[in-house]
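Only one structure is covered here, and it is reproduced in the block below.
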Amino acid sequence: MRCIGISNRDFVEGVSGGSWVDIVLEHGSCVTTMAKNKPTLDFEVIKTEAKQPATLRKSCFEAKLTNTTTESRCPTLGEPSLNEEQDKRLVCKHSMVDRGWGNGCGLFGKGGIVTCAMFTCKKNMEGKFVHPENLEYTIVITPHSGEEHAVGNDTGKHGKELKITPQSSITEAELTGYGTVTMQCSPRTGLDFNEIVLLQMEDKAWLVHRQWFLDLPLPWLPGADTQGSNWIQKETLVTFKNPHAKKQDVVVLGSQEGAMQTALTGAAEIQMSSGNLLFTGHLKCRLRMDKLQLKGISYSMCTGKFKIVKEFAETQHGTIVIRVQYEGDGSPCKIPFEIIDLEKRHVLGCLITVYPIVTEKDSPVNIEADPPFGDSYIIIGIEPGQLKLHWLKKGSSIGQMFETTMRGAKRMAILGDTAWDFGSLGGVFTSIGKALNQVFGTIYGAAFSGVSWTMKILIGVIITCIGMNSRSTSLSVSLVLVGVVTLYLGGMVHA
């Protein structure tokens, strides 16, 4: 029950356990899958790491100068030189200065002067390449076991952790007591790593444009440089003052860390953990659940009394969680659970924790269920010790329909075409079709539920014809669009 504590939660239900199921996992969200005769599973991406990114360039933002040396010549005596000029670790500058009788020269005029100083970088930052094949995704899969300590648990101890990389995109997770689930995932970071550089400065990192980083007016070293001393463009952090006869002062600029922090305002900051860089993004995965099995399906039904350990309440997803305790004998056993209408004639709602079981007497069990909108009764156990609980779920199916549609529209606005992967239940939708299904699929399903596909096609044709014959331009365009969407969704649903 890991997903209970996460606000952004998707449900994938009604899928055959023997088929591939398409889901999309993103940071900050959780996906719950439910299939017939299969355990309910929660999937969450908890971490995306960039392993061993290659260094493109190092840039120095704080330096110091030592061992300053100056050599000068009188007019007409040639250009001065220093042996230190051959050392690439030094920064040097040639200048001209006024000379004459007052400073040791027999002639008046311009004499040469050269000054060198040892340049040492104290602090630097690195720009790193990140290749998609270096990304590692950590996924936690947690079955709905009903155990008390597993509700909303974020430690990873009660789920199975999987490491997904482009090199090992197909992996299997062994869930103790439930069998094996197979995952085939492909990363969708939404980033163009050819144009992006990871700028790492001390214990912080940012995503910046590659060309912006290369244009920084700071001393730099190639990423392949192993000596770390032969800085290029050292003069960008050094100022040579005006020379006076045989003397010239050279100073180094102060730390540029503050200027860099200001320049990076608004850039996407990347978190770091144990030297690895943590990314966002999402994974498109296909699940195969044919090797999964329900735990305790052969157990008999519990015949004793149950009691409510903690008052049940509605979660932020519209579901409810009930904590009960079995006081009877015969454990382990299955917990009888159903949701019925007020007349007690029809079974309603959906049990998310499939086949909840009691492993031992007096041990609390958590059950998650999705009751229908309005009034209903929750029945736990069998007579004579049966629990009958009244529940009122606020809202309506129409409101939920529009809420789901708005969620799909927001995803498309934020993520672009990558959002078309969300909400896929194994159907084949491509290009614009995925967008139409994502945004309008819920409304369409509610409006035309129970209508045959031929009638849907006919309605779409009629609406399109009316729009084409309308004299009002705005009405014509609106009706044609509605008709085309109706035709498309009608054809896709039938297919």
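Cβ coordinates come from backbone N, Cα and C, glycine included.
These figures come from a predicted structure and were not determined experimentally.
For Cys121, the cysteine that Swiss-Prot lists as its disulphide partner among Cys30, Cys60, Cys185 is Cys60.
Looking at the candidates Cys74, Cys92, Swiss-Prot gives Cys92 as the cysteine bonded to Cys116 by a disulfide. The disulfide entry in Swiss-Prot for Cys333 points, among Cys302, Cys350, to Cys302. Of the cysteines listed (Cys30, Cys74), Swiss-Prot assigns Cys74 as the disulfide partner of Cys105. In the disulfide annotation of Swiss-Prot, Cys285 is paired with Cys185 out of the candidates Cys185, Cys350. Using CA atoms as reference points, the disulfide-bonded residues Cys30, Cys74, Cys92, Cys105 were checked against Cys333 (disulfide bond), and the closest is Cys30. For Cys185 (disulfide bond), the same-chain residues 6+ apart in sequence whose C-beta sits under 8 angstroms from its C-beta are Leu25, Tyr137, Ile139, Ile164, Ser169, Thr171, Leu283, Lys284, Cys285, Arg286. Sequence-distant contacts of the topological domain 'Cytoplasmic' (467-472), counting only residues of its own chain at least 6 positions beyond either end whose CB sits under 8 Å from a CB of the stretch, comprise 478-483.
Taking a C-beta cut-off of under 8 angstroms and a sequence separation of 6 or more, Cys60 (disulfide bond) has the following same-chain neighbours: Cys121, Lys123, Asn124, Leu218, Pro219, Trp220, Leu221, Trp231, Leu237. Confidence over the topological domain 'Cytoplasmic' (467-472), given as mean pLDDT on the 0 to 100 scale, stands at 74. A separation of roughly 19 Å, to the nearest angstrom, links the Cα atoms of Cys92 (disulfide bond) and Cys74 (disulfide bond). A straight line from the CA of Cys74 (disulfide bond) to the CA of Cys3 (disulfide bond) spans 82 Å.
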